[in-house]
Amino acid sequence: DHTALDLIIKSLKSPTMVCEGTHFDGKIPHTFVIFGASGDLAKKKIYPKLWWFYRDDLLPKLTKFCGYARSMLTVDSIKEQCLPYMKVQSHEQKKYEEFWALNEYVSGRYDGRTGFELLNQQLELMENKNKANRIFYLALPPSVFEEVTVNIKQICMSVCGWNRVIIEKPFGRDDASSQALSDHLAALFHEDQLYRIDHYLGKEMVQNLMTIRFGNKILSSTWNRENIASVLITFKEPFGTQGRGGYFDEFGIIRDVMQNHLLQILSLVAMEKPVSCHPDDIRDEKVKVLKSIETLTLKDMVLGQYLGNPQGTTDDARTGYVEDPTVSDDSNTPTYALGVLKINNERWQGVPFILRCGKRLNERKAEVRIQYQDVPGDIFEGNTKRNELVIRVQPGEALYFKMMTKSPGITFDIEETELDLTYEHRYKDSYLPDAYERLILDVFCGSQMHFVRSDQLREAWRIFTPILHQIEREHIRPITYQYGSRGPKEADRMCEENNFKYSGSYKWHGGKAATSNL
């Protein structure tokens, strides 16, 4: 009698990982503690995911939940705040009430012992003083990380079971602040207790990168500088800061997206084959390739900031970044960045890795585009286009390979077409869990494969800290671009200068995400 839980466990780990430290203790009580339970992340992401796990019987049977925040709330008020995001069907109402009956809430400060002592008393009461495992999710601003983690360590740790701490980015602002945070956490917890969450590592196609690379001879044998001309990793959003202007203006697009999400994807694309699928073997290879990346310089970057479109049909479309009331009028914070990274190793020497991200662009899209070299000895009068392997992360997961074929008919014309694996078509009846679902389940199972280790962080900040400090020190003005555009034209020129060819002649037809825009 296989339950959904059995199936998810099989998908999360190999059988050998039980003896390598990855466990799913189905019969032991688990308590999931949400710090910042009154915040947006909790109501929009964390509580909905926990409800879906409970609904689908994916959690250990003796799991309970406890929220903690400064706000004077009750479980009923949190339940009301979360309702729009919970997706409860009418026939699930009974089970939904059962889920909330397993919840408690404690109000307290983050900078004192009293609230945490009350929290620990509540946890012991919920666990009936039995052996229990505890997961602490810090959905909190970084300003309170240190106080909260000290109080967790001193007051709230399970004595008999294991303890795991989930931490949200940002993991510092630069190499010094990130290292200070890592040193602080290392003094309190073992690395195997820390789960630094980068939700992009939980996305279906990002997790598929290893299989695509190392499970297919046709790709693995061409995955090198002899065959690949350039790699373009893109993250585009059609919307702006949406109420996060204050936070975003402090951190900017490089810290918010490029230094973490895009660099993590790059490490999966560029790393060497690990000796096994054990989490630490994979993370070891990620660190090795990050160590081979040269520090980013200003000559390899384009920075942009969006303007409102005077012809926009809504107030939002007509509003530029600095017109956001939460943003300084003279802000130099980039909302668009393109950076060219160079990997100094045998496999990738001379292949540009172009990272591109921006807000208020022409579409929502995240993808990896592997562009192959031109065909040598062209016999088709220059009509061939480069082959491309495109891994679409969102929206609409897909994998397609652009190639040249003869056009149907009596002529001998050639055209671009694709070998297409669009998940929407190939896996019609499959449910693709979202990133937070996968990653929270990984924490229950103890799999750190898709979480960021401290040495990965150190190398990531080494690459980006000098350019971030230079931008701030020299008050470098970003190039302006209009709402709804593809971004600064200078970015297209830099792509071209770095051996990425874009003809604009091809339109992918694979599903709803079809577009001719790069």
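Any Cβ shown, glycine's included, is placed from N, Cα and C.
Features of the protein shown, as given by Swiss-Prot:
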type	residues	note
BINDING	Gly36, Ala37, Ser38, Gly39, Asp40, Leu41, Ala42, Lys43, Arg70, Lys169	NADP(+) 1 binding site
BINDING	Lys169, His199, Tyr200, Leu201, Gly202, Lys203, Glu237, Asp256, Lys359, Arg364, Gln394	D-glucose 6-phosphate binding site
ACT_SITE	His261	active site, proton acceptor
BINDING	Arg356, Lys365, Arg369, Arg392, Tyr400, Phe401, Lys402, Asp420, Leu421, Thr422, Arg486, Tyr502, Trp508	NADP(+) 2 binding site
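Annotated features taken from Swiss-Prot, shown on the structure.
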residue : record                             : contacts (Cβ under 8 Å, 6+ apart)
Gly36   : NADP(+) 1 binding site             : Ala42, Tyr68, Ala69, Leu138, Ala139, Leu140
Ser38   : NADP(+) 1 binding site             : Gly67, Ala69, Arg70, Ser71, Leu73, Ile78, Gln81
Asp40   : NADP(+) 1 binding site             : none
Lys169  : D-glucose 6-phosphate binding site : Arg196, Ile197, Asp198, Asn260
Arg356  : NADP(+) 2 binding site             : Leu232, Ile233, Thr234, Phe235, Lys236, Ala337, Leu338, Gly339, Gly487, Ala491, Cys495
Leu421  : NADP(+) 2 binding site             : Ala398, Leu399, Tyr400
Number of other Cβ atoms within 10 Å of the Cβ of Gln394 (D-glucose 6-phosphate binding site) across all protein chains: 18
Length of the line joining the Cα atoms of Arg369 (NADP(+) 2 binding site) and Gly202 (D-glucose 6-phosphate binding site), in Å: 19
Among Gly36, Ala37, Ser38, Gly39, Asp40, Leu41, Ala42, Lys43, Arg70, Lys169, the record's NADP(+) 1 binders - longest CA distance, Å: 21
Top Cα neighbour of Lys402 (NADP(+) 2 binding site) in the set of binding-site residues Tyr200, Gly202, Lys359, Gln394: Gln394
Binding-site residues near His261 (active site, proton acceptor), in sequence order, restricted to Tyr200, Gly202, Glu237, Lys359, Gln394, Arg486 and a 10 Å Cα cut-off: Tyr200
Fewest other Cβ within 10 angstroms of its own Cβ, chosen from the recorded positions His261, Lys359, Arg486: Arg486
Largest inter-residue Cα distance among Lys169, His199, Tyr200, Leu201, Gly202, Lys203, Glu237, Asp256, Lys359, Arg364, Gln394 [record-listed D-glucose 6-phosphate binders, Å]: 22
Integer Cα-Cα distance in angstrom, Gln394 (D-glucose 6-phosphate binding site) to Arg486 (NADP(+) 2 binding site): 17
Count of other CB atoms lying within 10 Å of the CB belonging to Arg369 (NADP(+) 2 binding site): 20
DSSP state at Arg356 (NADP(+) 2 binding site), helix/strand/coil: strand
Cβ-Cβ neighbours of Glu237 (D-glucose 6-phosphate binding site) (radius 10 Å): 18
Mapped DSSP class for Lys402 (NADP(+) 2 binding site), helix or strand or coil: strand
Number of other Cβ atoms within 10 Å of the Cβ of Gly202 (D-glucose 6-phosphate binding site) across all protein chains: 21
